[in-house]
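> Here it is, the structure, as structure tokens.
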Amino acid sequence: MRDYDEVTTFLGEWGPFQRLIFFLLSASIIPNGFNGMSVVFLAATPEHRCRVPDTANLSGAWRNHSIPLRLQGGREVPHSCRRYRLAAIANFSALGLEPGRDVDLEQLEQEGCVDGWEFSRDIYLSTIVTEWNLVCEDDWKTPLTSSLFFVGVLLGSFVSGQLSDRFGRKSILFATMAVQTGFSFLQIFSINWEMFTVLFVIVGMGQISNYVVAFILGTEILGKSVRILFSTLGVCTFFAVGYMLLPLFAHFIRDWRMLLLALTVPGVLCVPLWWFIPESPRWLISQRRFREAESIIQKAAKMNNIAAPMVIFDPVELQELKLPSQQKVFILDLFRTQNIATITIMSLLLWMLTSVGYFALSLNAPNLHGDAYLNCFLSALIEVPAYITAWLLLRTLPRRYIIAGVLFLGGGVLLLIQFVPADYNFLSIGLVMLGKFGITSAFSMLYVFTAELYPTLVRNMAVGVTSMASRVGSIIAPYFVYLGAYNRVLPYIVMGSLTVFIGIITLFFPESFGMTLPETLEQMQKVKGFRFRKKPRDSVEKEENPKVLITSF
């Protein structure tokens, strides 16, 4: 019995139908790019200081000296969370005493910002931080906002595959687009931080589900030679395009509610795609809906100006079509032997720490010196050459060396930032972007590398479990950015050290480039440093470089 790819060979690989599906599905990923990173502007923290009420009976001199100074970056700046006790300085003002001359300011009693804060409006007119005063004692809520979005991403990862398997790729693709767009719109009407974050969790669920289902639909419709291109350059590059659009929107719309409203518009524009993107014929066949699958293939042939056979699926073949029986596997199978357990633990660390570096650098981009919008745009732009580089490297070079190499590059330049003088801001920004380039390249290679390491029996489970580790990394990444409140270079020291560390760990992985994909646990290669038997000569001669395709979990 012929398989699906053999039956549909007559369609060709890159006709008008395939090009349309490639670009429409890739375009549907664009809203994911700016929704996934919108928190960098929605939850940005402007410069702020304690408010001194206009009704306070203070002289001009005392009003100018009502905020204590603190040392930040080698210079004195007004304290963000403290002021001198208002009653005391009002009394000194009434007595005609001058600050600094008659009164030693260092000896004055201080208090918190009991009358609220004054926020700078130089960069942002409003954010959720200025709306609900998420500073000082409540500043922990800002990184938690980002983390809860990624908790939604984690939850969406669990359900998206199961929903699309049950209800169809196309239906769930557009349903999750609606969830992402609709709940983003509802966030505009949030009355408090709690309401905003609950809705943000749901937006995160829709965001990843839309991404995963579009990924699956494209790989099932497109031919073998186009799938790798779609799953790397197509999906990833259009995600980066959406990411680049975010600072453009935010630059012109500096109120967070209006920005959210603008970010929902592209989601609405995706509605007409329903009439152009078909259901997956593979999924229809799995549901025994053969006539619908055949109709889609005939329309594709017509679009490609190719004469389709009168009967695409032979009735006898359809009757014999059965899903292959598979042995049941459990998560503990990933730890069954010492070798596979070691590979799994190293893979979990590799995915999690690479994810921490990617998302922490992305979320921290507006905090760099200079224009926040330009820095965010550069952070998105650098991803495009990173994806292209990863694709080219995967075609020709050993996996563990290229992944370790770009991780060493990314981590090494991040560690160099601590030695850059404070005045050389452009050099610091350049090093951050080079670090983002290395880590993004490594991140985009992990699906292929993990899929090649594990045997067929547990391959999907292994990719699923390790990609879950990357979700955990994204959840904790905002707290690496939070370290910058204590020291400007501390996040880069920590991220750089962890990235170099995981680069070293990568060198202990077995090499998968040019090796036959393992079918059983016994066929898995050994971790470097472990003793393993030599392969028979005839098995070595049969090895070839496989084209691996694995869908997101």
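The chain as shown is numbered from 1 upward.
Glycine residues also receive a Cβ, built from the backbone N, Cα and C atoms like all the rest.
Where the annotation comes from TrEMBL, it is an automatic prediction and has not been curated.
Feature table excerpt (TrEMBL):
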- 88-514: domain 'Major facilitator superfamily (MFS) profile' (DOMAIN)
- 20-44: transmembrane segment (TRANSMEM)
- 172-189: transmembrane segment (TRANSMEM)
- 195-217: transmembrane segment (TRANSMEM)
- 229-250: transmembrane segment (TRANSMEM)
- 256-277: transmembrane segment (TRANSMEM)
- 340-360: transmembrane segment (TRANSMEM)
- 372-394: transmembrane segment (TRANSMEM)
- 401-420: transmembrane segment (TRANSMEM)
- 426-449: transmembrane segment (TRANSMEM)
- 461-483: transmembrane segment (TRANSMEM)
- 489-509: transmembrane segment (TRANSMEM)
> Hey, which of 229-250, 256-277, 340-360, 372-394, 426-449 has the most Cβ-Cβ pairs under 8 Å against the transmembrane segment (461-483)?
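Stretch with maximum Cβ contacts: 340-360.
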> Restricting to CB pairs under 8 Å, which listed stretch, 256-277, 372-394, 489-509, is in contact most with the transmembrane segment (20-44)?
256-277
> Report, as numbers and ranges, which residues of the same chain sit near the transmembrane segment (172-189): CB under 8 Å and 6 or more residues beyond its ends.
28, 31-32, 35, 156, 160, 163-164, 196, 199-200, 202-203, 205-207, 209-210, 213-214, 217, 257, 260-261, 263-264, 267-268, 270-271, 273-274, 277
> Using Cβ atoms and a strict cutoff of less than 8 Å, what residues sit near the transmembrane segment (426-449) while being 6 or more residues removed from its termini?
231-232, 236, 350-351, 354-355, 357-358, 361-362, 365, 368-370, 375, 378-379, 382-383, 385-387, 389-391, 393-394, 399-400, 402-403, 406-411, 413-414, 416-417, 420, 463, 466-467, 470, 492, 495-496, 499, 509, 512, 548, 550, 552
